[in-house]
Amino acid sequence: MNKLLIWGPLALFLFFAGVAGYQLTQPKDETVRSAMVGKPLPAFDLPAYDPAGEGDGPARITDAIFRDGRPKLLNVWASWCLPCIAEAPQLEALEQMGVEIVGVAIRDKPEDIAQFLARHGNPYTAIARDDISEVQLGIGSSGVPETFVIDGEGVIRYQHIGDIRPEHISDLLRELEAAG
Amino acid sequence: MIAEVGLAALWMAAALALGQMVCGALALREQGAEIGALTRPFAIVQGLLLAISFACLLYLFAITDLSTKLVVANSHVDKPMIFKVTGVWGNHEGSMLLWVTVMALAGALIAWLERRLPENTMQATLAAQGFVALGFFAFLLFSSNPFERLPTPAVSGVGLNPLLQDIGLAFHPPTLYIGYVGLSVAFSFVVGALVTRQVTPDFARAMRPWVLGAWVFLTLGITAGSYWAYYELGWGGYWFWDPVENASLMPWLAATALLHSVGVLAARDALRTWTVMLGVIAFSMSMLGTFLVRSGVLTSVHAFAVDPERGAFILALLVLYIGGSLALFALRAGSISEGERFTLASRESALVFNNVMLSAILGVVLLGTLYPLLAEAFNARVSVGPPYFNPVSAVFAVPMFLVLAVGPLLQWRKDRFSRIKTPVMISGAALVLALVGLGLFVDMSILALIGFALAIGLGVASLQPLWGRNLLRVPTATWGMVAAHFGVAVALFGIASEAALTEERLAALTPGESVVVGEWMVTLDGVEPRAGPNWTALEARILASYDGGAQRALAPQARTFTEPVQETTESALETRWNGQLYATLGNRLPDGRWQLRLWWKPFVTLIWFGGILIALGGALAIVGHLRVHLRRQSIERQIALRHGQELPA
């Protein structure tokens with residue numbers, strides 16, 4: 001075997017190791033951001049969750065609810081989602097501060113929703129039932145829970161991925177203020 | 001308590017690996033033979049300790065011990081037991097522990113059983129094994145401790161990546177690991193033989209079962225991984241040239257070449273340097289695969305446990321082992337003589353040709369996999385896909401299949417092509433008939449046509465070593481070769497069919513509507529929500545009838561897992577002897593119709609059936625070689641016994 005065949009693999013390998021080592025030190029942006037931030041909310045028309053069948057609220061919730069001039073939170077959640085339980089106290093706190101929160105319940109059953117709200121509190125001004133994730137997919141959300149800041153014109157201003165922890169509240173309030 | 005026992009066992013095993021390395025190295029000196037004798041017991045006890053350590057982790061997962069960080073992060077009280085168990089290796093730390101455990105058990109097995117090698121080569125081999133193991137121990141103990149406790153116990157556990165909650169994938173990683181670890185054992189043999197300059201047929205015979213075993217598991221792992229990707233990802237394909245898939249294919253290609261070259265070295269004492277080189281490369285490829293999958297340097301649909309710090313650790317191990325062994329190889333290669341010569345018309349030269357082709361394909365895959373990484377270092381983002389991999393690897397695969405058809409018919413060392421004229425003519429006729437017949441009557445791409453013709457020609461050729469022989473007397477290893485080569489033909493036939501004959505329909509249906517795909521009439525019956533133990537889903541009920549026959553029900557799902565949240569597409573398959581109907585459920589359109597994606601894939605299952613046949617061939621070869629080995633041993637014992645009896649008289 002000649003010299004090239006004998007030393008070549010080692011040289012190639014060391015070159016690769018150098019490049020790979022360099023790549024490892026480069027910062028990577030791993031977060032998935034919705035491409036919808038800065039764009040208007042897509043049109044939707046969903047059945048509303050009606051707690052006791054009293055029929056006193058609207059029967060359907062549409063994107064129009066976000067175009068009344070007041071900024072709101074859109075919270076994508078589900079009764080079967082455990083991080084949503086962890087998030088519930090923060091949503092309560094936000095509601096007490098006067099923040100309007102519209103919930104979108106993903107693939108949920110009314111009785112499960114009722115049970116969840118009874119146990120963990122109901123911070124929502126309205127809850128829409130999204131049985132086939134159409135709103136969720138439409139606004140570029142990839143999981144539950146996720147929270148969006150929507151301004152008074154129905155434009156998506158900010159996306160929060162995952163459950164809202166106590167340290168996130170000030171961020172959300174700031175974004176709401178900026179949107180209003 | 002259990003977690004502490006597991007951790008303690010791990011530390012003790014690491015200490016033994018260090019001892020094994022030091023004692024084995026000291027044994028290389030003139031007066032070190034006695035201290036070298038310690039390597040065998042060290043290796044055996046190390047294997048036992050790791051078995052204990054792994055059993056501890058298994059137990060912690062089985063009872064869902066919520067004070068252990070790893071269990072909390074990867075399991076859940078409500079998870080089915082089978083997935084609690086498979087969750088042990090469905091994460092970075094656990095899979096590293098599995099890796100080290102398999103490696104230590106393999107080391108214990110060599111130390112206990114292997115008696116063919118000269119004792120100093122054996123000690124150097126075990127020292128090398130201790131050295132390799134030590135790097136992984138350091139990795140586990142300093143950066144990925146699987147037994148880490150939480151300051152306060154958790155309530156329920158986070159879950160397991162839903163993509164991994166699948167029985168196929170649950171057993172796919174350990175299968176591949178056993179393959180990787182088998183290659184690490186082969187690597188230790190190579191280092192041992194290089195250090196003591198004893199690259200001999202005995203060395204090849206000692207290494208061969210490990211290479212064969214590793215190769216069988218890699219084959220099964222790749223076959224299972226391919227089928228998993230096919231039905232679980234819902235893309236309808238069986239191979240995506242994804243970096244993670246390539247990470248398992250590359251060691252397989254190297255191991256395939258190594259296994260053939262080890263065979264030549266064992267039987268004919270030729271190809272010494274080449275075998276040693278392939279041993280280093282095969283292990284390098286399995287390390288490289290680990291690095292690519294876990295470091296996050298490449299983006300992939302199913303890379304996991306991505307972490308730059310761990311990437312740096314593996315890279316350091318990579319430099320140490322691969323760089324070190326390539327340097328050792330370069331320094332010692334000159335002193336290894338090439339061994340026996342052979343002529344062009346011989347089985348050796350056919351094997352060399354195919355080894356070169358396999359290495360070329362390995363180079364093609366390696367380049368395609370690493371190219372995006374290299375380009376990114378120069379700020380260019382590229383992705384390399386099937387348009388590169390398929391034709392470029394075919395350039396080397398086609399001649400390889402042709403030689404594969406002829407090689408097994410040739411004799412070792414020296415033969416005449418005229419002697420094998422008749423069988424070659426028969427296979428050639430099958431190939432040409434298939435080429436002309438299919439080319440005239442079926443409309444397909446040229447690559448698919450070549451694939452069909454090669455598959456048929458190779459299928460006929462691979463059975464010819466059995467021709468005219470008493471089948472009961474054919475050695476088991478030969479049966480293994482025939483099965484493996486026939487498996488290649490079967491898989492190739494499946495691949496060609498998938499490429500040429502697949503029919504696809506993307507339909508939007510309201511319940512009650514029907515669509516035709518191939519011979520199938522498919523009706524959407526309805527779509528309903530479904531709930532499982534830890535997921536909710538939309539499930540379509542589909543009724544499909546083949547050629548006007550009875551209706552069969554399929555139920556593809558779009559599934560959402562809750563812990564953690566992730567959406568998956570559960571395809572539905574209807575398997576017939578002549579192919580599979582493949583259905584996935586897509587989105588609902590604004591007008592209320594449902595998207596259905598349907599494929600009719602004739603003979604697609606032959607791809608994986610071929611893979612299983614190939615692995616079966618490897619298993620038969622192991623059995624065959626072991627039987628020969630045992631028989632030889634018993635004859636030697638009888639001769640020794642006879643001499644012993646004769647001496648006193």
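Here the Cβ of each residue, glycine as well, is placed from N, Cα and C on the backbone.
Not measured: the values here are computed from a predicted model.
Residues or ranges marked as domain 'Cytochrome c assembly protein' in TrEMBL: B:89-295. The predicted model assigns the domain 'Cytochrome c assembly protein' (B:89-295) a mean pLDDT of 87.
TrEMBL lists B:315-623 with the feature domain 'Cytochrome c-type biogenesis protein CcmF C-terminal'.
If you look at the transmembrane segment (B:40-62), the same-chain residues 6 or more away from its ends with a CB under 8 A from one of its CBs are 2-3, 5-7, 9-10, 12-13, 16-17, 19-20, 23, 68, 70-71, 75, 81, 84-85, 87-88, 94, 97-98, 100-101, 104-112, 122, 126, 129-130, 133, 146-147. According to TrEMBL, the transmembrane segment annotation covers B:40-62 (among others).
Sequence-distant neighbours of the transmembrane segment (B:96-113) (same chain, 6+ residues past either end, Cβ-Cβ under 8 Å): 10, 13, 17, 20, 39-51, 53-54, 57, 88-89, 125-126, 129-130, 132-133, 136-137, 139-140, 144, 146, 173-174, 177-178, 180-182, 184-185, 210. Feature annotation from TrEMBL assigns transmembrane segment to B:96-113 (among others).
Here TrEMBL flags B:177-197 (among others) as transmembrane segment.
Cβ atoms under 8 Å from those of the transmembrane segment (B:209-229) belong to residues 106, 166, 168-169, 171-173, 175-176, 178-183, 185-186, 189, 235, 237-240, 242, 245, 248-249, 251-252, 255-256, 258-259, 262, 282, 607-608, 611-612, 614-615, 618-619, 621-622, 625-626 of the same chain, restricted to positions at least 6 beyond its ends. If you look up TrEMBL, you'll see B:209-229 (among others) marked as transmembrane segment.
Summarising the annotation, TrEMBL assigns transmembrane segment to B:249-267 (among others). For the transmembrane segment (B:249-267), same-chain residues at least 6 beyond its ends with a Cβ under 8 Å from one of its own Cβ atoms are 179-180, 183, 186, 199, 201, 203-205, 207-208, 211-212, 214-215, 218-219, 222, 274-275, 278-279, 281-286, 288-289, 339, 348, 351, 354-355, 358-359, 361-362, 365-366, 369, 412, 618.
For the transmembrane segment (B:274-293), same-chain residues at least 6 beyond its ends with a Cβ under 8 Å from one of its own Cβ atoms are 179-180, 183-184, 186-187, 189-190, 193-194, 199, 204, 207, 211, 214, 243-244, 247-248, 250-251, 253-255, 257-258, 261-262, 264-265, 300, 303-305, 311, 314-315, 317-318, 321-322, 325-326, 329, 333, 336, 352, 355, 359, 362, 366, 369. Look at TrEMBL and you will find B:274-293 (among others) tagged as transmembrane segment.
Below 8 angstroms of C-beta separation, residues 132, 135-136, 139, 143, 187, 190-191, 194-195, 276-277, 280, 283-284, 287-288, 290-291, 294-295 of the same chain, each at least six residues beyond the ends of the transmembrane segment (B:313-331), sit close to that stretch. Sequence annotations record features per position, and here TrEMBL assigns transmembrane segment to B:313-331 (among others).
For the transmembrane segment (B:352-374), same-chain residues at least 6 beyond its ends with a Cβ under 8 Å from one of its own Cβ atoms are 241, 243, 246-247, 249-250, 253-254, 256-257, 260-261, 271, 274, 278, 281, 285, 292, 297-298, 381-384, 388-389, 392-393, 396-397, 399-400, 403-404, 407. The feature transmembrane segment is assigned by TrEMBL to B:352-374 (among others).
Within its own chain, the transmembrane segment (B:394-412) is flanked in space by residues 267-268, 342, 345-348, 350-351, 353-354, 357-358, 360-361, 364, 420, 423-424, 427, 447, 450, 454, 457-458, 461-462, 464-465, 481-482, 485, 488, 492, which lie at least six positions past its ends and keep a Cβ under 8 Å from the stretch. The transmembrane segment feature in TrEMBL is assigned to B:394-412 (among others).
The transmembrane segment annotation in TrEMBL covers B:424-442 (among others).
What TrEMBL lists as transmembrane segment is B:448-467 (among others). Among residues of the same chain six or more beyond the transmembrane segment (B:448-467), those with a C-beta under 8 A of the stretch's C-beta atoms are 394, 398, 401-402, 404-406, 408-409, 423-424, 426-428, 430-435, 438-439, 474, 478, 481-482, 485-486, 488-490, 492-493, 495-497, 499-500.
Non-local neighbours of the transmembrane segment (B:606-628) in the same chain are 205, 208-209, 212-213, 215-217, 219-220, 222-223, 226-227, 238, 259, 475-495, 497-498; each lies 6+ residues outside the stretch with a CB under 8 Å from one of its CB atoms. According to TrEMBL, the transmembrane segment annotation covers B:606-628 (among others).
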Given a Cβ distance threshold of under 8 angstroms, which distant residues of the chain, six or more beyond its ends, lie next to the transmembrane segment (B:424-442)?
405-406, 409, 449-450, 452-461, 464, 500-501
